[in-house]
Amino acid sequence: MKIKNWLLIGILVLAAALRLVNLSSVPPHLTQDEASLGYNAYSILKTGKDEYGQFLPVIFKSFGDYKPGLYVYLTVPSVAIFGLNEFAVRLPSALAGIISVYLVFLISNLLFKEKKLSLIGSFIMAVTPWAIYFSRSAWEVNVSLTLALAGIYFFLKSFEKEKLLPLSALFFASTLLAYQGAKLSTGIVLLILVFLYFKKLIRFEKKNLGLSLILGLIISFPILLSLFRGQTGRLTIFSLFSYPRPKEQTQAFLDQGGEKFGGLSYYLFHSETLNFARAISGRWFNHFSGRFLFFEGDWPNPRHSASYQGMLLLTDLILLVIGFVALVRRRLTKETAFLWLWLVFSSLPAVLSRDQVHAVRALNMVVPMVLLLAFGLEKILSKKNFKFLFIPVYVLAFVYFLDSYFVHVPKHNSKYWEYGYKQIVETVTPIQKNYRTIKVQQSFAQPYIFFLFYGKYDPAKYQKQANLVESEYKGDVGYVTKLDNIEFAPIDWSVNRGEHGTLFVADTIRIPPEDSKDENLFKVITEIKYLDGLNTAFRVIEVK
C-alpha cells in the first residue's frame, strides 16, 4: 500500500479519536434538543411512533418547533445497540464528522488533482475545532453538511460518469431531511454548481437529468410541503427580517434632522432597506473576523465553541493569509471559482438570522475555509526552513485547543449544557412515589424531556398523555406542564414554601438557601453543583 494511502488512514484514525473519545462526557451534558432526538429515536424503536403518537413521521414536532427527522432515524440503530444514552445519541453526528474528513479528501482531489493538497485538506478537517465541536454533539447540521459534501462529490464525479448524477441529487435532497436550514445552505451550493457547470450539465443525457430532478423532488417533497403547512415558525423567529426597527426609533432619527418619512434623506440614510443592508453586511464581516475565527469563537453562544478559543486554531491565521495569496495567484478556473463563491456565500444562512454570529448556521463555511487553509499549509510544508519552525507552533496551538476543549469546557461551560438535569432525574426517580406532588422549575431547557430520556420512560405510556402547551408567541417553543405526579411550573418560593409534603426542584434564585434552611420546615435532599464546583445548579428541597 502506498504511503499516501497510509497517511489517509492515519488521518481518519485521528479524526475518529478526536470525535469518539469521551463522547458521552464531552460536552458534559445533553441539551434538550439532543435528549429529544434520542427519546424520539427510542420511541420509534419501541413503538414505531414519535413521542406524540405519530407513526413514522418525516417531520417531528419538538417543543412546538418542527424538525426534519433524518437524525432521529439515524439514531434508532445506535440506541438499539448501545441503549438510550449520551453516546448513542451523539454517535451519528460523530460518524458523520469522520466521513466528512474523507469526503474533503475526495472533493479536493477532484477539484485540484493534487493528492498532497487533498491529504493536507483532510488533515485540517480532522483537527479543526469548528468541525470537532459539531461532531461531538447531536447536531443535525453536521449530518446535513456531510450529506451536502457527498452531493458535491458525486456531482463533480458525474462529469466522469453521468449515471452518478442521480446519486448526487439523492444526497443533496437528503440534507433537507436532516436539517431545517439546509433549504438555504444546500440551495446556495446547488446554485453555485449549476451556474459554474451549466454548459456541461446540459450535455448530459435527458434521462439522467430527469431522474435526478424527480429523485430530488420526491425526497424533498415532505419538507417543501411543510413550507405551506405553517411548520416553519422557528425560522420566522430567527430571521433578521422579523425584527425591523420600531417606527418610533426611525422617527426619532428623522426628527433630529428635521426630516420626514418618504423624503429624499429618508431613502438615502434612514430607510429600512438600508438598515437591513447594514445589518447583513455587518453580520457577514463578523463571520470572517479574527474574533470569531481565531480568538473567541461564537461569543453569543457558548455551546458552539470552547472558551478563549476561536472556531479555528490560532495558527490558522497564518495559514489563511498564505492560502488566500496562493489561491489568488492560481489561474481562475471553475474549480477555484467554486471555492471562492462557496466561501463568500456559505455564511448566508447565519448572516440572514437575528444573531451577530452563529457557528451552527455558518457551519458550511468550514469546508471552503479548510481548503483555503490547505493551500496555506501546503506552501509552508514546501519551504524546508520555515516548515521546521511552523510545525512545533502548530502542534502547540492544537494542544492548547485540546486542553481548552477536553479539560476546561466540561467544567467552565457545564451550565450552558443544561448540566444538572440528569442528576435531578437520578435523585427524584427513586423517591418519586414518596410524594403526591413534585414541582420542577419550568424553563426553556424543557425539563420534561430529561425525565423521559434519563428515566427511559415507556413511550407507549407517554404517548397517551403527551400534551404540549403551545406558546402564546407565534412560532416560539411550547412546554409540557405535567408528567405523572411531576409538575413543571414556575416556582415562587414565597408561595410554594407553604405547600407541605411537596418536593421542589429549582435553582438558588427560586429556592433561596437563606429561606429554606430551617430543618423543622424543610429537608434538603441534595444540592447539584455545576462541574466548576463553585455554583449550585439546582436544589432539591422537601417541604415537610
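Glycine is treated like the rest: Cβ placed from N, Cα and C.
Residues annotated as domain 'Glycosyltransferase RgtA/B/C/D-like' in TrEMBL: 68-224.
Per TrEMBL, the feature transmembrane segment maps to 70-87 (among others).
For 94-111 (among others), the entry in TrEMBL reads transmembrane segment. Cβ atoms under 8 Å from those of the transmembrane segment (94-111) belong to residues 8, 11-12, 15-16, 19-20, 23, 117-119, 121-122, 125-126, 131-132, 134-136, 142-143, 145-146, 149-150, 152-153, 156-157, 335, 338-339, 367, 370-371, 374 of the same chain, restricted to positions at least 6 beyond its ends.
The transmembrane segment annotation in TrEMBL covers 117-134 (among others). Outside the transmembrane segment (117-134) by six or more residues, the chain places 4, 7-8, 11-12, 14-15, 18-19, 93, 97, 100-102, 104-106, 108-109, 141-142, 145, 297, 304-306, 309-313, 316, 359-360, 363, 366-367, 369-371, 373-375, 377-378, 381, 398, 401, 405 with a CB less than 8 A from a CB of the stretch.
Annotation source TrEMBL lists transmembrane segment at 139-156 (among others).
Per TrEMBL, transmembrane segment is recorded for 176-197 (among others).
The feature transmembrane segment is assigned by TrEMBL to 209-228 (among others). Taking Cβ pairs closer than 8 Å, the transmembrane segment (209-228) reaches residues 58-59, 66, 68, 165-166, 168-170, 172-174, 176-177, 183, 201 in its own chain, all 6 or more past its ends.
Tertiary neighbourhood of the transmembrane segment (308-328): same-chain residues 127-130, 133, 290-298, 336, 339-340, 359, 366, 369, 372-380, 390, 393-394, 397-398, 400-401, 404-405, selected by CB-CB distance under 8 Å and a gap of 6+ residues from either end. Marked as transmembrane segment by TrEMBL: 308-328 (among others).
With a threshold of 8 Å between CB atoms, the same-chain residues lying at least 6 positions outside the transmembrane segment (337-353) that come near it are 111, 181, 184-185, 188-189, 192-193, 196, 238-241, 280, 283-284, 287-288, 327, 359-362, 364-365, 367-369, 371-372. Taken from TrEMBL, the feature transmembrane segment covers 337-353 (among others).
Annotation comment: TrEMBL describes 359-377 (among others) as transmembrane segment.
Sequence annotations record features per position, and here TrEMBL assigns transmembrane segment to 389-407 (among others).
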Any chance you could find the range in 70-87, 359-377, 389-407 with the most Cβ pairs under 8 Å to the transmembrane segment (139-156)?
359-377
In the same chain, which residue numbers or ranges, 6 or more beyond the ends of the transmembrane segment (70-87), come under 8 angstroms Cβ to Cβ?
23-25, 30, 34, 37-42, 44-45, 50, 60, 93, 138, 140, 143, 174, 177-178, 453, 456
